Amino acid sequence: MSSSQQSGRANELRTPGRANSSSREAVDSSPLFFPASSPGSTRLTTPRTTARTPLASSPLLFESSSPGPNIPQSSRSHLLSQRNDLFLDSSSQRTPRSTRRGDIHSSVQMSTPSRRREVDPQRPGVSTPSSLLFSGSDALTFSQAHPSSEVADDTVRVIWGTNVSIQESIASFRGFLRGFKKKYRPEYRNELMPPPDAEQLVYIEALRNMRIMGLEILNLDVQDLKHYPPTKKLYHQLYSYPQEIIPIMDQTIKDVMLDLLGTNPPEDVLNDIELKIYKIRPFNLEKCINMRDLNPGDIDKLISIKGLVLRCTPVIPDMKQAFFRCSVCGHCVTVEIDRGRIAEPIKCPREVCGATNAMQLIHNRSEFADKQVIKLQETPDVVPDGQTPHSVSLCVYDELVDSARAGDRIEVTGIFRCVPVRLNPRMRTVKSLFKTYVDVVHIKKQDKRRLGTDPSTLESDIAEDAALQIDEVRKISDEEVEKIQQVSKRDDIYDILSRSLAPSIYEMDDVKKGLLLQLFGGTNKSFHKGASPRYRGDINILMCGDPSTSKSQILKYVHKIAPRGVYTSGKGSSAVGLTAYITRDQDTKQLVLESGALVLSDGGICCIDEFDKMSDATRSILHEVMEQQTVTVAKAGIITTLNARTSILASANPIGSKYNPDLPVTKNIDLPPTLLSRFDLVYLILDRVDETLDRKLANHIVSMYMEDTPEHATDMEVFSVEFLTSYITYARNNINPVISEEAAKELVNAYVGMRKLGEDVRASEKRITATTRQLESMIRLSEAHAKMHLRNVVEVGDVLEAARLIKTAIKDYATDPATGKISLDLIYVNERETLVPEDMVKELANLISNLTVGGKTMLVSQLLTRFREQSSTRLDASDFEACLGALERRGRIKVITSAGHRIVRSIAQTD
């Protein structure tokens, strides 16, 4: 056998089904081959391959260097057992995973567990695994950063259609991983005295942490590539040709990880690294493109867009490698998927058989990867006036699946793709218009000026996956944590934080304190022994009062910093818009469930303006949301329960645009008592005429137009929005206070004390001044107050402040204008019963006194007849019963039943 035949045989054993055709004549005959202008100059060539297999024509398939004719037969047989699908190595302990990324449609083969180890010529005695195996060329392998003279020639090989040189890209990125330091970043360049960590090798440290923690994802800041001088070209190539550069970076990570092991590493550690599939996830591009600005020039390039997640599909199995078996002879063959297409074998490749149309797809032997489609929409703040928001489809794969939920504000980095659309699903004729989508390689959630999502609303597996794989903006550094802990020890931290919340709004201290505690929130609890599986820790607040009292401004400020917040108006919202609605998917034509405002706000705060303008049908769905924090949907055959674990901040205007202090709150706002009672705090914001207060308010507003900082605030009195959100996020994520025994006793005493406010000296008038909902609200507010002080135990002072806030709110909105006393009957009982005119009650009391003189009694029916006779207007029986009940509660009369008749007696006659 000749040397060329042995070399070809070796190549066939290494990569079955791929021929060796990388001769010099084939290279010189390439249409892209340019002869050098001088004999000593470098020639630029593009390697050509044969089309023996569907994948052999790919521009990224290069054949590894031939092992030569003098390979021992034992080495060949061992290589055969590793590479051929029909032979299994008895020493292998685990099945390797698919080495192809779902987000990168590249035919570059990633490293496998059975990679052949080669000796690094620069480091004798150190065994390093070989790099990518390419078919159809004698190009260098990825592990050979310094090619030997035997293989190197005077040509520069680039990937077809690009200016990407594989060896140059490997060397450049390897040098970046090994040499990039913090001092190259822009924030370190302007420092006269660089900090101690300026010489830190950022990515070497990250790779070491990945090996220790067993991670496979490296988040690459693209700006680091740009500011590192040797990799500026690689930065532009990554932007223009991400499909070719990212697989090279993936393999380089594994090679550097192997280099970091040092001399003679343990075999188990070496095998563990070989079995892992390392992936690079670039982010932080220089420019974030608007969705409506995407154009055909961005196709197959790396882009970055921001938006709001509207819908996430279930996990879709995406086939990566198809397994076919001949139904005649049983011969098996695997075919890799290229951009969603399967090159199904027409005939059996076995020469002995050669049966046509006999290859069957075996699903349980095929390889699948996780895939999910996300619908991303423009955020309302970037939509131009008079236009509807644009949306784009995102395809996420592998670890990024289920990393984003409906309602998340995310920034994604990915490759802009386009695919043809068939004119008819059963025909291959396609339209001239292409459908576009984004293959996501990185997801960055939230905003620096927004709070972090409540971790208690995340499932444990999703939260763990997000913590490991997703780059969170709201990660707080150690320096910020130290500053937060120092600030929390200040005695006036409560006042400073409340002033920092909407500092442009004058005073309203108690309202701001209530909103501040709403942002911190209570603790969500689940008791397996309790009647309810979950007790809410979210706080609901309603602001009602006169117009032009800054209610809407407060809502917008809270919406800007609230996590997963949705801002909506009562008049422009419907029941399905708040909960969920059924729509037909444009791709699958199936009915899908779209999330509404309350479901999108899961784990955040939903701000509803003009709450009183809502229709009754829309308000009725809020009863379940505000107490059970779920939304039950039964539409079009879809029956499900969605989570709506959200705090509600609402504002309402009174009837007639002016609050009447002579009427109770239910008569002023036109809200049902059942809905009003579900708010933890109800604040009345009234526009009272006061010359001194008006002058101070006017001076404050004028000063806001003259300077950005309020007149009464200094740098030490008001925190910035970034620090305020960092403080609240740290408290929400790390502090889970527990009620102490002293605090529990104080809660009981405060509740009993609030109930005693309804007692009268005559011990017969029973006004409701507190219910168990006030007790639960007190618990939530006290937990939020403890969170604000970064305490893990609720103390007595927290309970006292919570009780003070509740009493202050109740004093304003639950005071009976007729008696001037606090009575929750105005809210919890029927409206007609509580709104009986006081003069009618007095007239009935006088009539009873006159008719029961001398200890006489009177039937209720007779009393109603006499009362109607002297009344000038038609008197309903319900109004009469309401007056009778009011007199009985006040201790004026007593109604008894005797022989089936109701009898009225004066209370003075019964004592």
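Quick reminder: no glycine exception, Cβ is built from N, Cα and C everywhere.
A quick note: this is a predicted structure, and the numbers were derived from the prediction, not measured.
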Listed as phosphoserine by Swiss-Prot, one of Ser41, Ser77, Ser114: Ser41
Segment assigned the feature motif 'Arginine finger' in Swiss-Prot (from 525-528, 677-680, 733-736, 753-756): 677-680
Labelled phosphoserine in Swiss-Prot - which residue from Ser38, Ser66, Ser532 would that be? Ser38
Annotation phosphoserine in Swiss-Prot: match it to one of Ser37, Ser391, Ser777, please. Ser37
Intrachain neighbours beyond the motif 'Arginine finger' (677-680), with Cβ under 8 angstroms and 6 or more residues off its ends: 539-542, 622-623, 626-627, 648, 650, 771, 773, 777, 780-781, 806, 827-828
Across the motif 'Arginine finger' (677-680), DSSP yields 0 helix, 0 strand, 4 coil
Could you please provide the mean pLDDT value for the motif 'Arginine finger' (677-680)? 84
